[in-house]
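Visitor: Pasting a structure below so you can have a look.
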Amino acid sequence: MVQIQFHQGEPLGHKKEKPPPVSPPSPPPIRRVTVITKDEDTLRSVQHFLWMVRLYGTVVFQTSATIATTILFMLIPWRVTTPYLRDTLPFWSTLLPCALRCHAYWLERQRRPGTLMLVMVYTTLTTISVSTIGLCFDRTVVIQAYVLSSMLCVWCTGLAWLMAWNMQRRLAILCLLSFMLPILWLFIAVQSWEPYQRIILALTVSFIYGLKIVLIRDTLTVLYRSPSNCYTDGDLLRTAMLLYMDQVIMFLLVVVPLTAPIWYPNYAGALGRTAHWLFHK
């Protein structure tokens, strides 16, 4: 007798599928934590300090070359006597350093390294522009401008160091800088000056204030420099050009209020006549 067996639970002719193979769970990814030892931290601090010494040494060399050339121009007995040229030459001399500062900032944004030849070109062009100030004004005015601009640069550098050192002091300094410009504007507004004098001084103070903020930012960039940049010579020269141009433009802006008694009275009537001719033609 033939026995016929029926498979319960499955239709006839259907092949039973095998379950997919189950792979074992993969272990979690291993996180590699770079542990910086005390010796490595000390080595990086020393490397950063030496890099900053070289940086500010380069800036001091550029500034010394500019000051020495300006003193030589001041010793020349000849002076610019044409009123218009004497009073406007410092303004035209400011345009070239501002253009060079923009180019140095562009190099900083593009992460392009600076070269020794570029530093020499920057120093030469800027020195020629600044030295013309010595042919336009008295020695006392130039010396006062150098002293005052140097004090402002040292003050901005000190604020940047304090901001990098302590978080609470950083917030206090930011609050101080926020209220400083309105206070200076209020001081200018209450003075018994002519309207054009107030406008020019307010614009000059605004430019100096903005340049102080830029100088603080550049100094903080130097203090918070990442070790991944390897402290190369190209980065050093590029940063030195930025700091040098900040100091030069600060000096040129400080010249404006110091020379106010010379050129404010001369051009007050001319500005008034020009405005009257433009608006009442």
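Note: Cβ is positioned from N, Cα and C throughout, glycine not excepted.
Values in this document were obtained by computation on a predicted structure and should not be read as measured data.
Here Swiss-Prot flags 20-30 as compositional bias 'Pro residues'. Annotation source Swiss-Prot lists region 'Disordered' at 1-30. Summarising the annotation, Swiss-Prot assigns transmembrane segment to 58-78, 88-107, 117-137, 145-165, 171-191, 196-216, 248-268 and lists sequence analysis as the type of evidence.
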Visitor: List, by number or range, the same-chain residues at least 6 past the transmembrane segment (145-165) whose CB is under 8 A from its CB atoms?
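Guide: Same-chain residues near the transmembrane segment (145-165) but 6 or more away: 67, 70, 133, 173-174, 177, 208, 212, 215-216, 219-220, 223-224, 246-247, 250-251, 253-255, 258.
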Visitor: So if I exclude everything within five residues of the ends of the transmembrane segment (117-137), which remaining residues of that chain have a CB under 8 angstroms from its CBs? That is, six or more out.
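Guide: 58, 62, 65-66, 69-74, 76, 78-80, 86-87, 89-90, 93-94, 96-97, 100, 104, 145, 237, 240-241, 244-245, 248, 251-252, 255, 259, 262.
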Visitor: Please indicate, using numbers and ranges, the residues of the same chain that are 6 or more beyond the transmembrane segment (171-191) and have a C-beta under 8 Å from a C-beta there.
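Guide: For the transmembrane segment (171-191), the far contacts come to 159, 162-163, 198, 201-202, 205-206, 209, 212-213.
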